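Structure, as structure tokens:
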Amino acid sequence: MLAHIHNTSRAAPVARPLSARSLFSPASSYPPSSCPSIRRHPLVVHPGKKMARIAAPQSRPVHATPYVNHAAPVEASYDTANPSYIRKYLRTYGLTPPRAESYEVQKTRCLAQLALKSTVIDKFLYLSTLRKNNVHLFYRLVSDHLKEMTPLIYTPVVGEACQRWSEIYQQPEGMYLSWEDRGNLAAVIANWPQPHVDITVITDGSRILGLGDLGINGMGIPIGKLALYTACAGIRPEATLPLTLDLGTGNKTLREDPLYMGSRRDKISPEEEREFMDELMTALTERWPGIVIQFEDFKNPFPSLERYRHTYTCFNDDIQGTGAVILGGVINAVKRSGLPCKDHRAVFLGAGSAGVGVAKQIVDFFVREGMTEDEARACFYLVDTKGLVTADRGDKLADHKVYFARQDNEGQQLRTLDEVIDHVKPTILMGLSTLGGVFTPEILRKMADWNTHPIVFPLSNPSSKSECDFETAVTNTDGRVLFASGSPFPSVSFTNSAGETRTYSPGQGNNMYVFPGIGLGTILSKAVEVTDSMIYASGAAVAEALTGEELEQGLLYPDVTRIRAVSVVVARKVIRAAQEAKVDRETGLRSMRDDELDNYIKSRMYDPHTEVRALEREVGALLSSLGPTYAGLTGVVDDVNENSKL
């Protein structure tokens, strides 16, 4: 908050704000005391004395990173866009070059500095430092250059960053909880300096992207994921908590690496992990009731999701988010294919958590289109490392695979992807295997022979693990492929067999289309549970969010530069689904029309472009109301009066 008035006649000081408006965005849903992004120096009134200026309680840099020097202003105070009177109020006047810069000047400098970096890891580290030193400038830059910046702050570059995390580590971001902390997790969590947290992303690093067990090196995932929650859905950066669990690692190379910053123990047992997670979930919700908890990149994500989903407000993006975003693309692809749902046959290469999650979401879509559940499930053929998943294959199937195990194979066991494809003649080919290039030109040509518009979704990340690239898919299907990938690929110019030359643009089934909106909708509705209907609603919303121009271009997903607008639609659909399931606690939203709800959602979204002006107006109004008698900030009122003319 901007200021406190302390009554010294009472035994204990009572703090109350001088302004009803937040220091940040006037429309922010967070109270002023919950979103301190700069160091504030409250105005204190002592009876019979002149006003004086004292130091405020400590605040936070990006992601509430702890810091030690409480006497110094935090990094966000040094924004060179702040005018002089703001700098005087923050006691940073003279600590930065004197000229207040426009964002355009700041952006020009940042882009020039970024261009000087010769490797993607150097660019990743530059942006990480910018996020820590000037959080609002970072998000202004990302929001204006989302297509260029997203690969640098998340996939695919975050994959290499995680592999080298202990090597490139420079600064504290996020929180680490170790197995050795069990029994004291609440005390460790109490060290987090931010009083208000809306959402956390948690990983144990045991299955980072398609790169395997990286232990605590997986911290890049929660940090990057939460940056996208902020950039894409306007969840305030200080209300996010990146959290990595150090529960040991099965990666012997890491354990023997002298630079590895995690514990040197082997991975704990599932029983021990369950005990740890029980304590963690209790500790998180005791400190921040209503916190949204997103699980990410656990090797076996099903136990935690099933154990906690009806007790806590949580979801797993690998299972549910991936399923939802691919659902959105499949809905549009099925419409464009011209085939009814009942005539589709889907082969999935990869029967892990993501593959099963995607398949179940599409089953739900087929059911909503008029099929029975058994009829819908019969359309799916899952392939793992041992071949087609069947009930009589002879091995013990993981629990999550049983639902899709074929029982109509009459004892025949198909061991390779080629055998399965020749047997099924699929209309849909999904890749969640992390086997780069496994969708060969021969397989793609077969898909084109069998289908007018073959649906091919190579979804593995990073791009080196993608089952095929876009150019290969286009050239081997005569440009008729309906394509979406997990990683970004460039557009392709291609001349088809009819002699028509056109530029083809790939779809990217990136989870960022859904998880930011799921988080925002859950937060705003104050849902006590993230239901299956809320997840489905997010995917259906993506399918509906395409503009007429995007449909005309043949896109399966909206242009990524419209991601904030898409997140508004997703959040609205999630809120409506929460209301229908009666898991929402913000019941006042139920009576709003859709357009009113959209405006409400937009008003609650953090906008980095308005932060400086909101601060100017807030501080300007406060200091103007105090007038020239405020002797402690000589010269500030003159600046305020000058600024009021702008």
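A Cβ is built for glycine as well, from the same backbone N, Cα and C atoms used for every other residue.
Residues or ranges marked as domain 'Malic enzyme N-terminal' by TrEMBL: 131-309.
According to TrEMBL, the active site, proton donor annotation covers Tyr154.
Under 8 Å, Cβ to Cβ, and six or more positions away along its own chain, Asn461 ((S)-malate binding site) finds Thr155, Pro156, Gly159, Leu209, Gly210, Gly486, Ser487. Annotation comment: TrEMBL describes Arg207, Asn461, Asn510 as (S)-malate binding site.
According to TrEMBL, the feature active site, proton acceptor maps to Lys225. Listed in sequence order, Tyr154, Val201, Pro242, Gln294, Glu296, Asp317, Phe515 are the same-chain residues at least 6 apart in sequence whose CB falls under 8 Å from the CB of Lys225 (active site, proton acceptor).
Per TrEMBL, divalent metal cation binding site is recorded for Glu296, Asp297, Asp318.
Among the features that TrEMBL reports, domain 'Malic enzyme NAD-binding' is placed at 319-579.
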(request) Would you list, in sequence order, the residues of this chain other than Glu296, Asp297, Asp318 that have their CB within 8 A of the centroid of the site's CB atoms, where the site is the one recorded for divalent metal cation? (result) Thr203, Arg207, Ile208, Ile221, Phe295, Phe298, Pro301, Asn316, Asp317
(message) Return the average pLDDT for the domain 'Malic enzyme NAD-binding' (319-579) as a whole number.
(response) 95
(request) Count the other Cβ atoms sitting within 10 Å of the Cβ of Asp318 (divalent metal cation binding site), across every protein chain shown. (result) 23
(request) Please find, for Arg207, Asn461, Asn510 as listed binding (S)-malate, the greatest distance between any two Cα atoms, in Å. (result) 18
(message) What does the structure give for the C-alpha distance between Arg207 ((S)-malate binding site) and Asp318 (divalent metal cation binding site)? Integer Å is fine.
(response) 10
(request) Using all protein chains in view, find how many other C-beta atoms are within 10 Å of the C-beta of Tyr154 (active site, proton donor). (result) 24
